[in-house]
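Chemist: Below you will find the structure I want to go over with you.
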Amino acid sequence: MLSDTICAIASGQINQAISIIRISGPNAFKIMEKIFLGKVGRSMEITFGWIHDDNQKIDQVLVLWFAGNKNFVGEDTVEINAHGGVLNTNLILELILKTKLARLANPGEFSLRAFLNGKIDLVKAQAINDLIHAEVKVQHQAALNQFLGKSSNFIKNLIEKIEEIIGIIEVNIDYPEYDDVEILTSDVLLPRINQLLADFDQLIKIANNSRLIYQGIKTCLVGAPNSGKSSLLNILINENKAIISEIPGTTRDVVEGNFVLDGLLFKLFDTAGIRKTTEKIEQIGIEKSYESIKKADLILHIIDASEKNRQNLDLKAKTRPDQIYLKIYNKSDLLENQEEFKDEILISAKYQKIENLLEKIKSIFAFLGKNKEFVANSFQISQIELGKLAILDAKTSLESGFGPEIAIVDLRIAWKELKTIFGRVDDENLLDSIFSKFCLGK
């Protein structure tokens, strides 16, 4: 994989002031000798000159050459800074490919090479991708913490604890006569296994909060028809996306939109009004409403406060313990007396008076902003959970009467699952899957 030369537009396919075309691999310098009028300077120096095709000038550019190990990728790399028109940039890329000394890079292949060349570990590689795709400040900070290695320390501490136990067991097995190492019997080992499980549980609990940061907080707006769900969605996303009508059952499909509150990304789903109906299309919409409730992190149950005979929808009974459920009483502008709702969240979507709702949501999710150190993406959370399962298997072995020499097999599996987070990956297909989600030219 590392023996050939790759190239790509690193700055995206858009019109811009300056575009960057990146070439990396053993033929990078040879390619520049063919297409650059002038001499490429020494490593880390910028050279000014023309890109040409058989002496036909294409563009006047700045060329920066990074020798060998003195760059992000870890191999000879050239970056061409050209005028940023899409056509102009692609003409230069086509010219590079025309030399037949390089091929077009796959998405994320520069980062993959940096990983394979030992310039970054897998955590940093994924952090770069997360940094690029960050939509809000909290996501940006989480990705930056990953890149700086702050999150890695939590996992590395677990790895070290497992390594220590494995090391002692191996000495007990291979050198039973060695007196300077404690003897780990099943009775001595079991409390340590339980402590490891507690450490895993704590890490998983914190890591699961990361999903809300990286993927956004899935927020479902539900309630009876004409309760004001669509009006509230339009206010939150600052766009007339959902149809507002006096006719019940207007919203028949799930309408989506995003909004940012206190630096956090909320992904909104406005659902069909829930009521008893014989109308088949409306019934399908209501079924989709219940599906959205199942997927939500935050459920906002919108109720028309002005209705004297309000439909009693027991939606809270359909929620899980890990979901947050809020009752929101709308249409405060139609109330003569608001005393009945003094302890409730009362809003007026019509007049955009929703401050108390926003403050309530901010207070609920304030803890996400406080976790400055440890965050994990879905791949890392999956590996931590696999590690915990292996530790549970070790505990089961010990409780079933097997000795440490059997439990060590599961301890090694747990160790491997955690090491995979940093790049101890034996499956090349897994690597391809991870890096294929990266941007072209990265």
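Glycine residues also receive a Cβ, built from the backbone N, Cα and C atoms like all the rest.
Quick caveat, the model's predicted, so the values are computed rather than measured.
Pulled these features from Swiss-Prot for this protein:
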- R22, E79, K119, K442: (6S)-5-formyl-5,6,7,8-tetrahydrofolate binding site (BINDING)
- 216-366: domain 'TrmE-type G' (DOMAIN)
- 226-231, 245-251, 270-273: GTP binding site (BINDING)
- N226, S245, I247, T250: K(+) binding site (BINDING)
- S230, T251: Mg(2+) binding site (BINDING)
Chemist: Can you figure out which of R22, E79, K119 (the binding-site residues) comes closest in space to S230 (Mg(2+) binding site), comparing Cα atoms?
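Modeler: Comparing Cα positions, the candidate nearest S230 (Mg(2+) binding site) turns out to be R22.
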Chemist: Let me know the most crowded of the binding-site residues, choosing from R22, K119, K229 and counting other Cβ atoms within 10 Å.
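Modeler: Answer by Cβ density within 10 Å: K229.
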Chemist: Let me know the model's mean pLDDT on the domain 'TrmE-type G' (216-366).
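Modeler: Over the domain 'TrmE-type G' (216-366), the predicted model scores a mean pLDDT of 78.
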Chemist: Could you tell me the C-alpha distance between N226 (GTP binding site) and R22 ((6S)-5-formyl-5,6,7,8-tetrahydrofolate binding site) in angstrom, no decimals?
Modeler: 55
Chemist: Going by DSSP, is E79 ((6S)-5-formyl-5,6,7,8-tetrahydrofolate binding site) sitting in a helix, a strand, or coil?
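Modeler: Where E79 ((6S)-5-formyl-5,6,7,8-tetrahydrofolate binding site) sits, the three-state DSSP reduction gives strand.
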Chemist: Do me a favour and check the Cα-Cα span between K229 (GTP binding site) and R22 ((6S)-5-formyl-5,6,7,8-tetrahydrofolate binding site); whole Å is fine.
Modeler: 49
Chemist: If H, G and I count as helix, E and B as strand, and all else as coil, what does DSSP give for K229 (GTP binding site)?
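Modeler: Note: K229 (GTP binding site) is helical by DSSP.
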